[in-house]
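Read the structure below first, then the notes.
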Amino acid sequence: MSGAALGLEIVFVFFLALFLLHRYGDFKKQHRLVIVATLLAWYLCFLIVFILPLDVSTTIYNRCKLAVNSSPAESNGSYVTLAPSKQKCFKPWSYIPDGIMPIFWRVVYWTSQFLTWILLPFMQSYARSGGFSITGKIKTALIENAIYYGTYLLIFGAFLIYVAVNPKFNLQWNQLQTIGIAAANTWGLFLLVLLLGYGLVEIPRSHWNGAKRGYLLMKTYFKAAKLMTEKADAEENLEDVMEEVRKVSESIKYNHPLRKCVDTILKKCPTEYQERMGRNMDDYEDFEERQNSYPSEKSLVKLHKQVIYSVQRHRRTQVQWQILLEQAFYLEDVAKNETSATRQFVHTFQSQEPENKIVQYFYTPTVEWYWECLLRPWFYRVLAVVLATFSVIVVWSECTFFSTNPVLSLFAVFIQLAEKTYNYIYIEMACFLTIFFLSICVYSTVFRIRVFNYYYLASHHQTDAYSLLFSGMLFCRLTPPLCLNFLGLTHMDATISHRDAQPTAYTSIMGSMRVLSFIADGFYIYYPMLVVILCIATYFSLGTRCLNLLGFQQFMGDSEMTSDLIDEGKELIRREKRKRQRQEEGENRRREWKERYGNREDSTRNRVVHTEQKESSFSETNTNRPLSKYTRSNGRTERDRIELLQDAEPLDFNADSINDDPLESDSGRWQARKGMTERWQSRPKETCLKQLTLWKDFD
């Protein structure tokens with residue numbers, strides 16, 4: 001099992017990152033470099049979180065070996081307490097051989113730092129650029145990142161000056177490396193505490209509110225009203241941009257030097273707009289024959305950028321609107337089925353996507369009713385209580401992890417109790433649950449926050465390339481300080497615990513923070529205490545109230561604007577529901593009509609085909625066989641048919657007899673029928689019977 005756990009987690013984390021990226025990104029439409037860079041950033045960050053518990057258990061085993069192999073005279077007191085006997089020092093199932101973890105952490109850490117500080121910012125500007133060539137996009141990305149890179153170089157230079165002026169320090173490569181790591185972790189820890197304070201309160205509260213059907217339905221109505229406004233704005237913005245594209249396309253003709261740029265812009269437009277613009281083009285008119293002012297290449301680059309943004313935003317709002325409608329319809333169905341006496345869940349609308357047969361077999365309407373109407377609310381309440389308990393433990397540990405005697409951090413207490421008995425399974429599970437909960441609080445906030453239309457992670461493949469790359473940058477900057485904070489909470493960091501023990505491989509890569517004492521002894525210890533203030537502010541929704549006062553509509557139960565938006569969203573959902581009901585009723589009527597009269601139409605069609613085949617076979621028989629071979633069973637002879645046609649006297653057509661007066665036309669038809677009747681009566685009886693029989697057989 002040596003190294004097997006590491007290999008399994010590496011493979012598992014890769015597919016986890018790939019699954020999440022597939023949910024938010026679009027592999028078919030987005031650039032491959034964007035997908036690869038984002039996948040690598042997410043993968044490395046998730047990998048650090050999953051592998052760190054193995055590093056902790058391996059470090060505890062290595063400490064045990066050092067304590068056992070050392071003599072009593074040379075042994076430190078901490079070593080004796082850690083390993084009083086050789087029987088307790090056994091190798092864990094997930095033990096990683098010496099020398100692997102330092103190399104692994106070094107590759108993972110520096111790759112993630114290269115991504116977040118150099119590659120991903122450059123790719124952000126490259127992906128958002130409206131240039132028409134690779135060279136143009138690279139040039140735009142370099143210009144946009146000049147200020148960005150210059151700012152960080154200025155900060156790093158300030159640290160270098162501080163170290164150079166201070167006579168206590170010698171400028172060595174290891175110390176410079178530690179200064180760079182400290183600067184990156186300081187920035188990440190500053191943002192980490194902000195996101196963590198929000199997630200520790202909002203995640204348990206969201207699950208508690210998830211058990212309230214009325215609350216979820218009202219919030220969905222509120223989202224519908226806001227999304228409809230955004231959807232209308234996106235449609236209007238797209239129309240304005242497409243109008244500019246149309247004007248540019250009409251002004252720049254086929255032989256203009258910038259026509260290739262216009263064609264590139266047209267390819268990014270929706271299909272209906274491309275067809276509409278294609279019909280209005282006149283490619284036979286040369287641009288030299290008209291003295292017009294043509295747009296420059298710079299203006300076309302700007303227009304190209306606007307087209308990419310407006311099309312992406314319009315597509316995203318359309319998809320989100322359909323998803324929100326499905327959620328609203330489902331919540332309304334849950335509210336209706338709560339009072340159902342049959343205890344079977346009935347949907348207003350059938351699912352548009354085909355369901356799995358296995359799911360249909362086990363997840364029956366009865367099971368769905370018990371889960372949605374009875375079990376799910378209680379499950380969410382219990383889960384919210386468990387998450388709230390974890391949040392309280394985290395807040396307490398963040399405020400007391402610097403205390404080593406006595407040990408007040410609950411996570412450190414749990415790890416030290418397991419360390420005495422060398423229960424590696426318990427150690428790894430405790431470490432994994434702790435860092436996993438911290439990661440959920442931080443990463444879920446990254447997925448939830450929205451900075452206007454600048455940064456927004458939208459599910460169902462609706463996230464743009466810029467937001468994907470920005471999320472990768474945030475993950476790479478937040479994960480290292482998150483892991484250091486976790487090691488501090490569990491007292492596995494020697495800087496916090498002040499123990500003369502072997503550090504973890506991850507801490508050895510980070511270096512000793514004693515180079516910058518005011519950061520190691522001040523900022524890293526006391527700044528995480530601000531999480532208490534942030535949790536209180538989140539609990540009372542101070543940020544939401546401030547945004548609401550600034551004009552950004554937020555969901556607040558005691559706000560008049562919120563009530564108005566809920567009513568508006570409720571009316572929008574009701575309107576869409578009626579529209580979909582009419583569509584389904586029309587489809588049902590067409591289906592019933594087809595089922596009822598489809599067989600008749602098929603039989604009529606078959607009868608017509610059979611008649612045509614019979615007539616064709618009859619004509620072939622007449623042409624191939626002589627007249628003498630006809631019998632009475634096959635009908636009348638050809639002579640009788642010719643006689644019938646000769647005896648029939650059709651009415652004469654006279655254009656002068658046509659009259660617009662209906663009375664005169666009726667009298668004319670009556671006189672024609674009268675004359676025909678007289679002619680039939682004047683004929684012999686045998687001839688009339690013979691002709692009638694022939695007409696009957698012919699039919």
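Yeah, the Cβs are placed from backbone N, Cα and C, and that goes for glycine too.
Copied from TrEMBL, the annotated features are:
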type	residues	note
TRANSMEM	6-21	transmembrane segment
TRANSMEM	33-52	transmembrane segment
TRANSMEM	103-126	transmembrane segment
TRANSMEM	146-165	transmembrane segment
TRANSMEM	177-201	transmembrane segment
COILED	224-251	coiled coil
TRANSMEM	378-396	transmembrane segment
TRANSMEM	425-446	transmembrane segment
TRANSMEM	523-542	transmembrane segment
COMPBIAS	600-617	compositional bias 'Basic and acidic residues'
COMPBIAS	618-634	compositional bias 'Polar residues'
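The transmembrane segment (177-201) shares the most Cβ pairs under 8 Å with 523-542, out of the stretches 6-21, 425-446, 523-542. Among the recorded stretches 33-52, 378-396, 425-446, 523-542, the one sharing the largest number of Cβ pairs closer than 8 Å with the transmembrane segment (103-126) is 33-52. Long-range contacts of the transmembrane segment (378-396) within the same chain, counting only residues at least 6 positions beyond its ends with a Cβ under 8 Å from a Cβ of the stretch, are 196, 200-201, 203-205, 207-208, 210-211, 408-411, 437-438, 441, 489, 531-532, 535.
If one looks beyond the coiled coil (224-251) by at least 6 residues along the same chain, the residues whose Cβ comes under 8 Å of a Cβ in the stretch are 262, 265-266, 269-270, 273, 276-277, 280-281, 292, 294-295, 300, 303, 306-307, 310-311, 313-314, 316-318, 320-321, 324-325, 328, 553, 565-566, 568-569, 572-573. Below 8 angstroms of C-beta separation, residues 6, 9-10, 12-14, 16-18, 20-21, 25, 27, 104, 108-109, 111-112, 115-116, 119-120, 123, 127, 431-432, 435-436, 439, 465, 468-469, 471-473, 475-476, 478-480, 482-483, 486-487, 506 of the same chain, each at least six residues beyond the ends of the transmembrane segment (33-52), sit close to that stretch.
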